[in-house]
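Engineer: I am attaching a structure below and will ask some questions about it afterwards.
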């Protein structure tokens, strides 16, 4: 409750702790507080504070002062200022304590002895050159607060301040003639700066119109009744020992212009108009000329008539004149500030005075190339006005339209190189002159010229030589001339001379009959010796001759045959059966050799195509078969010798049939086959043999081996008693050759042997001419049923046995004894 009230006010919340914060109290009022404990049964008795409590913030010492700054320094004093602390600790500031420390010492000492509340203080009586740092503290009723942050170390010496300059005028100032103007400003600096005024880098001096006023802080330049000469760039300089500052102002004192500069020039004069020109005023009054005002006056009248007032050019056309009348022209210049005095011309009569230039004379064409030509002409009469341009035109001779050679002006020269001509075309040229009045008539056309490079005679051919000869001809060869004279070489002239004669004869009548760099000179006499020379010819004429170095004796030249083998004439040539066999070689020799192809020293097959040309020979056999293989030879022969080369040709084909097929070791379920390799393996290694069998009762052959490399095979799994045929073929990489077949069927049975001898042969009866015999079966029948017994007899003492008969049983009666 408030101390002056009796009613208790409950605090709005219940606490379970042993402390609480009471909010919403009014600062400056006194309160009593009480507290009671409460449980589930109810509330206990209150305990009350013994005395009233006054509500106010707790008082502390102030915060540190802020913004301690050094404002001025001399050799024996320092002036400092600062701001109060952000928080005074809850009580008013009672005083400030300023302390200093000499750099090098540890302790701060009070500077103020009396109580100080001002926030500015000058420390005096310091020693020049000493360095101090300062701090300040605030005090309130509680006590002295924290000191401020220290100043930087301050050395006692007279303070220097560079000049400052604050101007009241802008960079540019425009003043009318006769008006006054002033340039003012403020400045500062330590030591006191010197003030200097300049105009266009020259010091301004005072006179009756120019006044300069300077105080310790202000400066002023004033000019009364300004004139045009006051225009210029003004500069004020503020300078002391620490530096300088400058301010600038471009002052423009403006006035109306001075008159245009004469005389008035009559550039063109005609019966109904004139063109005049003049020069701008020497003084534009400090402002750009906005326009000229032009007026005209007939000298018989006093009235000036306006022509125009809207031109800024220094030339003007004066129209609407009367032929034969004399006129004067006057011209004013105008700017933003007024109109000048006039410039007045002399009198001029309106009549035609100038015309276009005359036509130049016929131009001359020089230095023609394939794409250009130089046109030269003489200067014509200029019509009274200077020629300003020449116009050169070109056209093809057969065309009707003239075309300008260039868009650029041609002046002052009287010749022009016309570019971009088409090579081989014929052109004419003409020239017109132009002055200010216009373009005059064109000149007569030039003589026609062809656009092509100038042609000179070519240089002689290079390195002529005799490369071949026969009994009535010589072959010559040479190289083109080093210089063709800028003209196409039409051809060559060849001349010859019999040794001992003086005159030269022509081998060809015209150069175009020999356009190449070689020629065969014919119709020569065998055994004679000739000299030769060659000339090159272009459109300009014949070159000097180039001589073949040595005389040439005309006779057949002998060179032994020479064979240059092609790749298909290597030592061995393989060709697949059915493909084409080609053998060829390059052949040389003088005279050209006779060519002979042979196979195994015999004529080659009629199916072979043989071709012989002047440089070689070729043999070709299409659809080759195995029989086309063998040793082929090529022989070339002439009177100087012969040469032969041979090549083995292998026609790769399927192999031939195996040889000597033999069947042995026949059993009831197998037999053994052997054979020999084919006589012809087809030019390729036998890779394997194929063995097949066939039941004689069947039409189908059955393969029993297809990969064997051996020349024998055991045929197994035969059916006993069945008759079989067998066949064998060889294979190489080109296919399977023909089969060799057994000539007669083979029966699958075990082999038969002769039976063993009958046993126990004895007689059972004897007569005078016969004997009865009996015997037993032999121990072995040889693998087959015994079909009979052969009975033989022999007379005692004789060498031979005599056959009696074969009997089926185990007894026999031999008769006829």
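Including glycine, each Cβ sits where the backbone N, Cα and C put it.
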Engineer: Given the ranges 428-454, 455-481, 482-508, 509-535, which one is assigned the annotation region 'Disordered' in TrEMBL?
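Structural biologist: Going through 428-454, 455-481, 482-508, 509-535 one by one, TrEMBL flags 455-481 as region 'Disordered'.
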Engineer: With the domain 'Fibronectin type-III' (1-58) as the reference, find which of 64-159, 259-353, 460-557, 561-646, 757-817 contributes the most Cβ pairs under 8 Å.
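Structural biologist: When the Cβ pairs under 8 Å are tallied, 64-159 comes out ahead.
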Engineer: Per-residue pLDDT averaged over the domain 'Fibronectin type-III' (1-58) comes to what?
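Structural biologist: Mean pLDDT, the domain 'Fibronectin type-III' (1-58): 85.
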Engineer: Are there residues at least six beyond either end of the region 'Disordered' (455-481) with Cβ under 8 Å to its Cβ atoms? List them, or say none.
Structural biologist: 487, 489, 492, 494, 496, 517-526, 530, 532-549, 552-557, 590
